Amino acid sequence: MPQPQIGVLALQGDVREHLYALEAAGARAVPVRRPSEVEAVDAIVLPGGESTTISKLARTFEVLEPLRERIGGGMPAYGSCAGMILLADRIEDGVEGQETIGGLDVTVRRNAFGRQVDSFEADVEVDGVPGDPVHAVFIRAPWVEAVGERVEQLARVKGGPADGRIVAVRQGHLLATSFHPELTGDLRVHALFVELVKGR
Amino acid sequence: MSVPSAPLENESSSGSTGTARVKRGMAEMLKGGVIMDVVTPEQAKIAEDAGAVAVMALERVPADIRKQGGIARMSDPDMVEGIVNSVSIPVMAKARIGHFVEAQVLQSLGVDYVDESEVLTPADEAHHIDKWAFTVPFVCGATDLGEALRRIAEGAAMIRSKGEAGTGNVVEATRHMRQIRSDIRRLATLDETELFVAAKELRAPYDLVAEVAKLGKLPVVLFTAGGIATPADAAMMMQLGAEGVFVGSGIFKSGDPARRAEAIVKATTFYDDPDVIAKVSRGLGEPMVGINISELPADQRYSDRGW
């Protein structure tokens, strides 16, 4: 796949930043809001945003099932923050009846680091991202509470009250981060995903 | 995107909180969404169930502030806390223009965003709050680009059009959105020498003016507010360049709040698809009764508050 077409789920959230980062990392990036658009892409990014809103809109506008089918069938997906929640098989502290797309065998705790006054930026080492640590921005972020056997843990928070919490994971074609590489201009996480997509 | 760093950053072993990036980043996560005014935990739940990205906790919606008159202040902490505890989505709350202690109280209550709002009675006729001094981020209203940039210079991490809150009349929000966007387009046509004069005319810092000219947009997220009452109102604001929508009195002063709230959320996502807007606009019941702006006495025009 020379230049993959990667969709960004564009129901709500920081869609534009992901589109920009994907293009800069060498992919063709398109917003996705409709079932037919889900079918047309090689891979999908689930952006940051409000997970309850995105989940509800995905159900209403009939993209939840198509996304489940395609991701279940091996389409690569990357989720940042709210996107990590949407990829998780199990969530803690969700709202009643909050649905996820699922596929990633993890338990994710929503708003785990606290409220907005606790939002922070810090350097984290991410396996698979060579060079300097990634400067990570955490905004009312979730963390990964528990992982299944097939899940690789790529990054943990160092120091502070959340020391050791898992904030990046990979399971085959699925990648998720608690933080927002799309906000910093560091393209390495998106490049990792684009390579993952090209390799399939 | 160049982000000036806040003078007050809280360094710790686990990272920095309250930075310009996490404040502005929070607003990026709200884009494409609807933020709804609520006065009780029950309303907050309705808003969350309808797909709101955040709620604005306040004691009276603007339509009631207009009707009842008097001094409008920050809400009772019990009431703010009741709403903070009732939902899992972000909670915003309003402080009076210039009332930095109300803002300190709201930060201590754990609200996720403070709206330094012209809907409340201003507490300072010359100064807005120094927003860099806070860990909690601020959103402020603006009627044109100069006002938006003055607020950003003071540390606002998000801007909204002022509109004319509590009227159910979108005409002022339209004016402000068009004005801000057209001011931005005009900057992009100027050469470097002309930008100095533009900064003087806009009464805004030169660095921010130059940044906007280069980016072709504000350095922070731009929402719309003030008079949005229908799904079509929300979609029009999005087509005029808003990145998301505040709805105040428009939802809970209407006949069927839950349904209208959900419809406005859907119309905001599919703002460029008239078929979807038509579908969600059907059978919503009575919208809030509106007010013509020309019938408002000058001292009741909230959009004139702020300097």
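Glycine residues also receive a Cβ, built from the backbone N, Cα and C atoms like all the rest.
TrEMBL: automatically predicted annotations, no manual curation.
In this structure, A:Cys81 (active site, nucleophile) belongs to neither helix nor strand by DSSP; it is coil. Marked as active site, nucleophile by TrEMBL: A:Cys81.
Residues or ranges marked as active site, charge relay system in TrEMBL: A:His180 (among others). Taking all protein chains in view, 29 other C-beta atoms sit within 10 angstroms of the C-beta of A:His180 (active site, charge relay system).
According to TrEMBL, the active site, charge relay system annotation covers A:Glu182 (among others). Residue density at A:Glu182 (active site, charge relay system): 30 other Cβ atoms are found within 10 A of its Cβ, drawing on all protein chains shown.
Feature annotation from TrEMBL assigns L-glutamine binding site to A:Gly49, A:Glu50, A:Ser51, A:Arg110, A:Ile139, A:Arg140. In the three-state DSSP assignment, the secondary structure recorded for A:Arg110 (L-glutamine binding site) is coil.
Among the record's L-glutamine binders, A:Gly49, A:Glu50, A:Ser51, A:Arg110, A:Ile139, A:Arg140, no two C-alpha atoms are more than 13 Å apart, and one pair sits at exactly that spread. The subset of binding-site residues A:Glu50, A:Ser51, A:Ile139 lying near chain B, with Cβ atoms under 8 Å apart, consists of A:Glu50, A:Ile139. Rounded to a whole value, the Cα-Cα separation of A:Gly49 (L-glutamine binding site) and A:Cys81 (active site, nucleophile) is 8 Å. Highest local Cβ density among the binding-site residues A:Arg110, A:Arg140 belongs to A:Arg140, counted as other Cβ atoms within 10 Å over all protein chains shown. Spatial neighbours are here defined as Cα atoms within 10 angstroms of one another, and by that definition the neighbours of A:His180 (active site, charge relay system) among the recorded positions A:Glu50, A:Ser51, A:Cys81, A:Ile139, A:Arg140 are A:Cys81, A:Ile139.
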